[in-house]
Amino acid sequence: MSQTTERVGADELSTLKLVALDGALDGRVTVTCADLADRLDASNQTASRRLQRLEAAALVERDMTGEGQRIAVTEAGERALQREYADYRRLFEGDADVTLSGVVTSGMGEGRHYISLSGYMRQFRERLGYEPFPGTLNVDLDDGSVRTRARMDALDPVKIDGWEDDERTYGPAFCWPAVLETADGDRYGTAHVIAPERTHHGDDQLEIIAPEKLRETLSLDDGDTLSIHVSE
């Protein structure tokens with residue numbers, strides 16, 4: 001779980017859920033501590049403290065008005081709720097697999113360099129069971145998948161440890177097993193989503209590794225639609 005959500009507990013997350021149900025995921029909504037306290041079966045002071053903690057954790061934004069507080073759930077707050085949702089799916093459905101979709105795009109070539117480094121390649125062979133093709137398949141996620149991606153935090157990744165050589169240190173990375181499916185229905189099952197701890201990519205960009213060059217194996221070009229079924 002991310003550092004942000006570790007700063008709040010179950011009480012704050014239940015409060016976050018209530019304001020999200022009021023519409024705070026889509027924009028600012030007016031919330032009064034008295035009304036929130038009634039719904040939480042708590043005192044006004046307790047409701048106020050929970051909102052303050054959510055704001056301090058950057059899970060909500062608040063503006064004070066004469067009618068109460070105008071509250072919006074932030075992107076970090078939405079990710080926290082997505083993680084809660086994934087946990088409940090695991091509890092009641094037995095798994096929390098995540099399906100993402102987007103379009104293939106060209107990267108900047110950094111993946112080829114880093115994946116080929118011996119400190120990473122050795123761990124890929126040991127922990128993933130294969131030697132990846134030197135390069136990543138880059139996917140620009142659609143808007144819905146950007147929001148859904150947070151559910152991956154509930155999946156246990158394969159950890160690739162950081163390491164160092166005589167020149168610099170290299171950060172850790174996390175890998176999740178993935179099955180890829182093209183718009184034509186072709187599937188590829190020996191792949192992993194990889195997320196370096198140090199990255200300039202945003203949540204809308206996904207990197208995938210596999211033992212083969214996926215563009216050739218799946219006949220993919222820039223702009224082609226791809227579904228990614230992520231598991232653990």
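From the backbone N, Cα and C atoms, a Cβ is placed for every residue, glycine too.
Note that the structure is predicted; figures quoted are calculated from it, not measured.
According to Swiss-Prot:
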BINDING   G107, M108, G109, E110, G111, R112, E212, K213, L214, R215  CDP binding site
BINDING   T136, N138  Mg(2+) binding site
BINDING   T199, E207  FMN binding site
REGION    1-97  region 'H-T-H motif-like'
REGION    98-232  region 'Riboflavin kinase'
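Structural mapping of features recorded in Swiss-Prot.
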| residue | record | Cβ contacts under 8 Å, 6 or more apart |
| --- | --- | --- |
| G107 | CDP binding site | T136, N138, E207 |
| G109 | CDP binding site | G135 |
| G111 | CDP binding site | G135, T136, N138, E207, I209 |
| T199 | FMN binding site | none |
| E212 | CDP binding site | F133 |
| L214 | CDP binding site | F133, L137, L180, Y188, A191, I208, L220 |
DSSP three-state assignment (helix, strand or coil) for G111 (CDP binding site): helix
Per-residue Cβ crowding (10 Å cut-off), top of binding-site residues T136, N138: T136
Secondary-structure category, per DSSP, in which E212 (CDP binding site) falls: coil
Among G107, M108, G109, E110, G111, R112, E212, K213, L214, R215, the record's CDP binders - longest CA distance, Å: 19
